[in-house]
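Asker: According to Swiss-Prot, the protein carries these features:
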| type | residues | note |
| --- | --- | --- |
| BINDING | Cys27, Cys30, Cys46, Cys49 | Zn(2+) binding site |
| COMPBIAS | 295-304 | compositional bias 'Pro residues' |
| DOMAIN | 23-292 | domain 'CoA carboxyltransferase N-terminal' |
| REGION | 284-304 | region 'Disordered' |
| ZN_FING | 27-49 | zinc finger |
Amino acid sequence: MSWIERIKSNITPTRKASIPEGVWTKCDSCGQVLYRAELERNLEVCPKCDHHMRMTARNRLHSLLDEGSLVELGSELEPKDVLKFRDSKKYKDRLASAQKETGEKDALVVMKGTLYGMPVVAAAFEFAFMGGSMGSVVGARFVRAVEQALEDNCPLICFSASGGARMQEALMSLMQMAKTSAALAKMQERGLPYISVLTDPTMGGVSASFAMLGDLNIAEPKALIGFAGPRVIEQTVREKLPPGFQRSEFLIEKGAIDMIVRRPEMRLKLASILAKLMNLPAPNPEAPREGVVVPPVPDQEPEA
């Protein structure tokens, strides 16, 4: 027996360890491989390059509001395919697919609760639901959020992440721009603060309506914010756009937004601002949250 055969006879094969899917993920910016649980504890912010990844609507609201205080609003509202719209796929099929993928009925989630003990109403977009596009249900839920803020005499916060108006609802989608803007006028008349938080991306009809109507417009770092996208603009003007065009840092230099706030600092910053605007005691800084625990969304059958 040769020495190679002797070595081979002493080698015991081992089974390949099976790693469940979703345990690891990769940063979209720097390519760093990240432990999923650690990334969630860091509010979907890359610990290496500080890239702010997209966050689900429910995770965002649960990371903002005080635990045990959240009450969802407008969950009974569901989208309808009244136009029987069809492009490469039926609209009702797109809705069913998005509902199955995200567990949400539509692209906006609204909740009321407390922020450091202060009553607030908060709304957040679910970008994974048809690109966070604004349809009639998104508009109706936003108006519901405004009405609740007026009823409770409290501030409203909205986290935008949208590609714009939903083309499958045509004019009914476009009219939400006026509808939501008119609702916010009531907040202004009452003297109640509305803070708009612009996340990546905030585009189209959403950026052209309530997303830019905040008493304070705050953006996350490097968020893409605008009406038409950079590629569309370049093709139209036939010129190369400057580096960082339509990003948060570019917009704050031009005076289009008020401030840029990192996601881990957002909760305390919003509470501090609202306390001043509402003439309330400043919040006491607390230790960083250990993570976000989100209750499962109840099973739902998409409408045929």
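Including glycine, each Cβ sits where the backbone N, Cα and C put it.
For each listed feature, how buried is it and what is near it?
Answerer: In the three-state DSSP scheme, Cys27 (Zn(2+) binding site) falls into the coil class.
For the zinc finger (27-49), the model's average pLDDT works out to 94.
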Asker: If H, G and I count as helix, E and B as strand, and all else as coil, what does DSSP give for Cys46 (Zn(2+) binding site)?
Answerer: coil
Asker: By Cβ count within 10 Å, point out the most packed of the binding-site residues listed: Cys30, Cys46.
Answerer: Cys46
Asker: Other than its own, how many Cβ atoms are within 10 Å of the Cβ belonging to Cys27 (Zn(2+) binding site)?
Answerer: 18
Asker: Sort out the sequence-distant neighbours of Cys49 (Zn(2+) binding site) for me: same chain, 6+ apart, CB within less than 8 Å of its CB, listed by position.
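Answerer: Result: Cys27, Ser29, Cys30, Gln32.
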